[in-house]
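Working notes, beginning with the structure itself.
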Amino acid sequence: MFPTGIFLMSVLISQMQGRGIVGVEGQELVHPKKLSLLQKRDLERIHDSDTPEEYEEELLYEIKLGRKTLTLHLLKAREFLALNYSETYYNIKREMVTRHPQILDHCFYQGSIIHEFDSAASISTCNGLRGFFRVNDQRYLIEPVKYSDEGDHLVFKYNVKAPYATNYSCEGLNFTKKSTLIDAKIIEEHKVEDYHKEKFIELFVVADEFVYRRNSKPQNKLRKRIWGMVNFVNMIYKALNIRVTLTGMEIWSAGDEIEIVSNLESTLLHFSTWQETVLKKRKDFDHVILLSGKWLYTSMQGIAYPGGICQTLRSCSVVKDLLPDVNIIGNRMAHQLGHSLGMRHDDFPCTCPLGKCVMGAGSIPAIKFSKCSQTQYQQFLKNQKPACILNNPLPEEFNDYPFCGNKKVDEGEECDCGPVQECTNPCCDAHKCVLKPGFTCVEGECCESCQMKKEGVICRPAKNECDISEVCTGYSPECPKDESQANGFPCKNGEGYCFMGLCPTRDDQCAELFSGGAEESHSLCYRMNQKGNRFGYCKNKDNTFVPCEEKDLKCGKIYCTGGRRSAHLGEDKTYNLKNVKQNISIKCKTMFLYHNSRDMGLVNSGTKCGEGMVCSNGECIEMEKAYNSTICSSLCDENDVDDNEPDCQCEEGPIITEWGEALNLTSVSIMVVVLVMVIIGVGLVILLIRYQKCIKMKQVQSSSREIRGIENKVYFPDEHQTRSEPIFTDIYPLHNTAESLERVPSTFSSPHYITLKSVSKDPRGIADPKQNDNMNLNLDSQSDCTRLG
């Protein structure tokens with residue numbers, strides 16, 4: 001027993017020394033105990049799943065740490081990998097090999113500590129428990145003990161008050177306003193509400209040769225290491241309602257693809273050029289991080305472009321990977337990603353307790369983002385509108401997996417504020433995902449203090465004259481869908497027409513491009529659009545600049561005057577024109593943008609170019625044609641706003657947009673009306689002829705009333721009439737019937753049935769067989785006469 005204890009102690013000491021874990025003040029040997037957990041949602045998933053999973057969806061572990069027992073509640077990180085996840089490496093011949101492994105199962109989890117309100121965890125269960133967890137401000141690292149068959153683990157306690165050396169700093173490239181870059185993709189039209197929803201960052205990770213060499217054995221060691229880092233980053237960014245998902249990784253196993261030097265700024269410039277010109281052509285992502293294991297003689301541990309997310313050239317960063325602790329490297333990745341999202345360091349006056357906040361300096365894993373960082377991030381979203389983080393890259397089955405605590409209101413739930421430990425909503429019962437007694441709502445623009453606002457309360461004021469104010473319904477906590485004035489509605493005193501909820505004008509576009517009071521230049525400038533070069537054209541077809549036609553001149557390149565140099569990545573051009581006759585000098589300033597999916601230098605679509613005319617893709621066309629109002633009106637019902645066409649604001653009556661369509665529609669209508677009238681006329685003629693025949697029959701029949709017959713009873717809707725008439729045994733059965741129906745009240749409008757009450761018998765009491773034959777006669781003619789009577 002004694003030798004075994006000595007051996008175990010020596011193993012623990014060697015593990016601590018070999019790992020070189022930074023910032024810990026103590027460790028403790030623990031034996032995590034797995035608790036049974038099989039709930040209804042687990043049973044449902046087992047029945048629905050065709051492929052059994054090695055790793056469970058939900059786990060409970062009990063850990064006795066000191067005098068306290070902690071219950072670790074873990075949920076599998078469903079948003080961990082993107083649908084198009086890929087792995088790239090290089091063989092001995094430096095040939096690139098790319099795989100797309102179908103990862104159906106993994107061992108990475110996130111969670112919290114039960115009964116601890118402020119807690120979090122990022123754990124892998126691949127071979128024992130390995131990762132990070134915290135309780136309030138205290139943070140821990142847990143790892144399995146090497147060579148132990150008893151399930152022994154070491155829990156290291158991070159020292160919150162540990163000194164922070166300068167070698168744990170980072171650097172962000174500083175840009176002046178002049179060089180701040182905004183890609184056109186960022187400013188594409190998105191509703192403001194989109195930026196309040198959940199965001200998604202598709203992260204790509206590149207590991208240099210040094211990182212590969214230190215983690216090449218066992219074969220999947222580097223993969224699990226990078227996955228652990230991304231899982232930690234994802235846990236951190238959930239506080240900002242952001243999911244960080246790994247879309248792929250590339251391993252420079254045969255040598256670095258760029259020059260990595262001690263100057264991190266130079267390394268970042270090399271890396272940004274490589275990822276834009278090489279990596280972007282074969283892989284889509286929102287941000288890429290280079291993990292460098294090269295011992296760089298610099299105090300900086302990472303570098304990033306501030307506010308660079310979604311920019312083709314600058315959405316990248318470099319992070320040093322020299323320490324064995326995955327959580328510390330993951331924390332640095334989260335820090336650099338924060339710079340890319342517009343966050344600055346938590347320096348004075350934005351302070352944060354040591355080691356607590358992601359954007360502060362520190363050598364141990366952080367806990368959360370400071371209020372300053374959150375404010376800076378929200379301001380970045382408002383100003384820059386990074387569009388790439390709005391699309392959801394996760395597999396559909398990941399998004400649809402229902403359970404109480406996933407922060408999504410699934411079927412059968414009234415609310416879902418996340419795990420019990422994370423829920424801060426006073427309206428929702430986090431244990432059952434139902435509203436607390438007496439409450440009617442949880443959140444929304446029409447929900448206040450857990451109660452719905454009254455009907456008619458404005459929940460979304462009109463942002464401008466092309467917008468429409470929305471009001472609460474009184475029965476829904478959500479504000480109705482954001483609606484706007486119909487495209488083409490006059491605005492700004494007739495200077496423009498509404499388009500997609502805005503009133504685009506050239507003055508506003510100039511102010512956006514060049515700021516500083518820039519406005520539209522003289523109309524003579526637009527003659528430059530006939531040149532057909534980069535600074536004067538209407539269409540760009542495969543880098544061939546098509547000059548404008550006369551009618552489209554004011555829909556090509558926009559020309560401005562005043563303002564400053566453009567803040568966008570591109571080339572400015574100013575023409576100085578002189579008009580000798582009018583003795584005026586004109587400045588015509590325009591620009592050509594780089595790295596853009598659409599050219600902001602062209603006059604915006606929807607801008608007025610004449611009475612009833614607007615610009616559309618470099619052409620000046622009729623407003624009705626541009627907005628396709630015919631389709632709009634056909635989809636709308638009276639004054640309703642069509643849900644499928646947010647651009648349509650419907651008016652009373654049909655909207656005919658083109659004479660050709662109107663004529664076609666009118667022709668069809670006339671043909672239908674004429675055809676109906678012809679059918680009605682023919683029908684009336686036939687009825688008149690039959691009516692005259694019935695009159696003649698009654699005249700013939702009036703001379704033969706001496707014969708007595710059976711009693712007929714005719715049923716009508718409102719009254720009964722009984723009379724005795726003979727039923728002839730010859731070919732004239734209709735005469736009597738017609739005469740009988742002659743006395744039908746004028747209110748009678750439809751034929752009814754006639755029943756026979758009795759039949760005549762001969763003196764012997766035997767019914768006349770001929771009468772039975774008459775009973776079976778066809779009464780169609782009677783019905784015809786009845787209709788005419």
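Note that Cβ sites are derived from N, Cα and C of the backbone, with glycine treated the same way.
Looking at the candidates C357, C372, Swiss-Prot gives C357 as the cysteine bonded to C352 by a disulfide. Between C388 and the candidates C310, C316, C466, C472, Swiss-Prot records the disulphide pairing with C310. Only one of C441, C447, C450, C479 is recorded by Swiss-Prot as the disulfide partner of C459: C479. Within the set C350, C404, the cysteine that Swiss-Prot bonds to C372 via a disulfide is C350. The distance from the Cα of N583 (N-linked glycosylation site) to the Cα of N628 (N-linked glycosylation site) comes to 44 Å. Each of the disulfide-bonded residues C350, C357, C372, C388, C459 was scored by the number of other CB atoms within 10 Å of its CB, and the largest score is that of C357.
Calculated from their C-alpha atoms, the gap between C479 (disulfide bond) and C388 (disulfide bond) amounts to 26 Å. Summarising the environment of N628 (N-linked glycosylation site), the number of other Cβ atoms within 10 Å of its Cβ, over all protein chains shown, is 14.
Taken residue by residue with DSSP, C372 (disulfide bond) is part of a helix. When the disulfide-bonded residues C310, C352, C479 are compared by the number of other CB atoms within 10 angstroms of each CB, C479 has the fewest. Long-range Cβ neighbours of N84 (N-linked glycosylation site) (same chain, at least 6 residues apart, Cβ-Cβ under 8 Å): H100, T247, G248, D284, P393.
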